[in-house]
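Step one of this worksheet: look at the structure below.
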Amino acid sequence: MGKGKSKVVCGYPLSIFFIVVNEFCERFSYYGMRAVLVLYFKYFLRWDDDLATSIYHTFVALCYLTPILGAIVADSWLGKFKTIIYLSIVYAVGQVAMAVSAIHDITDSDRDGTPDSMTFHIVLSMVGLFLIALGTGGIKPCVAAFGGDQFGEHQDRQRRTFFSVFYLCINGGSLLSTIITPVLRAQECGIYSKQKCYSLAFGVPAALMVVALVVFIIGSGMYYKAEPQGNIMLDVCKCIGFAIKNRYRHRSKQYPKRQHWMDWAEEKYDKLLIAQIKMVLKVLFLYIPLPMFWTLFDQKGSRWTLQATTMDGNFGALVIQPDQMQTVNPILILTLVPIMDSLIYPLIKKCGLNFTPLKRMTVGMLLAAIAFVCAALVQIQIDVSTKQLLHSSPYILSGQGFIYFKLTIKGKANSDSTTVHNTDKATFTLRSGSQSCEYSTNFGFGSSYTFFIHSTLVFGSNCQDSVTAVEDIKPNSVHMALQIPQYFFITAGEVMFSVTGLEFSYSQAPSNMKAVLQAGWLFTVAIGNFIVLIVAELAKIPKQWAEYVLFASLLVAVCVIFSIMAYFYTYIDPTEIEAQFKKKINEDDEDDKSKPGKAEVEMVKRDSIKCHDEYDKATQTKM
Ligand SMILES: CC(C)[C@H](NC(=O)[C@H](C)N)C(=O)O
């Protein structure tokens, strides 16, 4: 049985249907907006690449810092349900602000197609992004934990499946939106003049966020809504502070040692709270090496995409743009999660191996390191095949009776007058006054040519013989399909690391700090992103393949440390520990009433021993 008033369908509370649909729509909204954000900065707000990239990464990092705020509000004040509702409204307003900020007609009073007051658009979009970061980050730890709350104590298996389905929804939303919003952006729209339709590309994610909110509200009557339990974060901080102070005051040898430094808070704080803090600290300690995984993982959107720009994206009927390669990740997630859950994990179990969550996460890290080794191998191949500059055509041929123009064949989505975006035959028209002729040729992906037009050119219907094409940069010969192995390994790593970590964070958290631990988990993503920024700035390694190898080695080193930490970790059942503590405290209360006047110091000692026993009994399984 689930915990809410919800009907149970196939062993699952019906209420979780609304939660996973909400997550799907919300992730569609988030990833859809994010997919076109850099292009919006660059082409609409007219920012340069560096500014666009910095603001983009700052926004992403902020999205993973705000979960802490959302978790505090949920766990200590509003509860998860209300926090999700209120912050979703903030989120939807932010998305609408983004869509409005992208309507060029609003400030285009001279109707020339460009906004007249860029300040208006910049301010509105920055306000929009701030609200989105607050909303998406704020609700993120609450939605996952709220979903977990819907399951009863004996529904561990169903809860695990829920977290897998939840992850599928994240990736389903991400996949669809990253395909759809770039298409919407490429449309032309406007009232007075037609421009690239960023407002539509932001408008659809805004609509999806409204749908997410409505779906969540519809499920309202069915949810189990755990009550917030006071300002838990403040209590936690005060309790830790008191334990440290008390330990310091009693540092002399005449005072007997206590089992755990947090036990020094026993004189003042509830033993249940102390036990809960111990549980959280144990998990948070384990999180310390985790950001390194995200450092590698999040380079899909930066380094790997840049790598793809130097590769051949011609898949026959389909020409793939470098940024579109990122959709391989959610596609693989949608395939791998069910395979892992229904085939690989049960098979490992059948072989008698205890593939615990922390072991899975360790393997996930190793897979990510392998992905970077693959990326390095691909990079070496690119470097070998590269594009030596054959010659500098203008230098060699200048002054010999030619005029020339340069043409670069790019794999990027931007456009200038001499850039061709595919590898098809292109036809140019050469004009002089009313006379013209046509020249056609085939191009390779990523190549660069200089065309020399003979000064003896005679205009006619065809000027094929009067133009000489010289290949300055060879076409990309390493195919983008070679990136698939690295995407495969990083995604398999993600399934083992991230899906497992999400569930682990929930299952090991005390009941009143579930959202706080989810936020702690997401905080590792934010730190991972900051490491990317720092390393990109500091370690200016000239060879890209060497940088990939460096990251892979760092992750392997971190992985070894993590596996040692994980070996000493003992799994707990927070519900059981809490129940035992509550029972013991009740018994002691009864005891106190019947034996008044007992020395307080003795009681503290006795309680402490009992509570340690309970805690030890409940924490037995190792890595
Ligand atoms: C940040 C998380 C790992 C997660 N992202 C993904 O699942 C990507 C799309 N594969 C998310 O919660 O957005």
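Keep in mind that glycine also has a Cβ here, set from the backbone N, Cα and C atoms.
No curator has checked TrEMBL annotations; they are predicted automatically.
Per TrEMBL, these features apply:
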type: TRANSMEM; residues: 12-31; note: transmembrane segment
type: TRANSMEM; residues: 51-72; note: transmembrane segment
type: TRANSMEM; residues: 84-106; note: transmembrane segment
type: TRANSMEM; residues: 118-139; note: transmembrane segment
type: TRANSMEM; residues: 160-180; note: transmembrane segment
type: TRANSMEM; residues: 200-224; note: transmembrane segment
type: TRANSMEM; residues: 279-297; note: transmembrane segment
type: TRANSMEM; residues: 331-348; note: transmembrane segment
type: TRANSMEM; residues: 360-382; note: transmembrane segment
type: TRANSMEM; residues: 484-504; note: transmembrane segment
type: TRANSMEM; residues: 516-536; note: transmembrane segment
type: TRANSMEM; residues: 548-572; note: transmembrane segment
Margin query: With CB pairs under 8 Å as the measure, which of the listed stretches 51-72, 160-180, 279-297, 331-348, 360-382 comes out on top against the transmembrane segment (12-31)?
Written below: 160-180
Notebook entry, point to check: What else in the chain is close to the transmembrane segment (118-139), if you only count residues 6 or more beyond its ends and a Cβ gap under 8 Å?
Noted result: 26, 30, 33, 40, 44-46, 59, 62-67, 69-70, 73, 83-84, 87-98, 100-102, 104, 106-107, 522
Margin query: Is it the case that the transmembrane segment (51-72) and the transmembrane segment (548-572) touch, counting contact as three or more CB pairs under 8 Å in which the residues of each pair are 6 or more positions apart?
Written below: no
Checklist line | Same-chain residues near the transmembrane segment (484-504), Cβ under 8 Å, at least 6 residues beyond its ends | finding: 144, 159-160, 163-164, 166-167, 283, 290, 293, 296-297, 300, 304, 325, 328-329, 332-333, 336-337, 340, 357-358, 360-361, 363-368, 370-372, 374-375, 378, 518, 521
Note to self: Short question: most Cβ pairs under 8 Å with the transmembrane segment (516-536), which of 84-106, 279-297, 331-348, 360-382, 548-572?
What the structure shows: 279-297
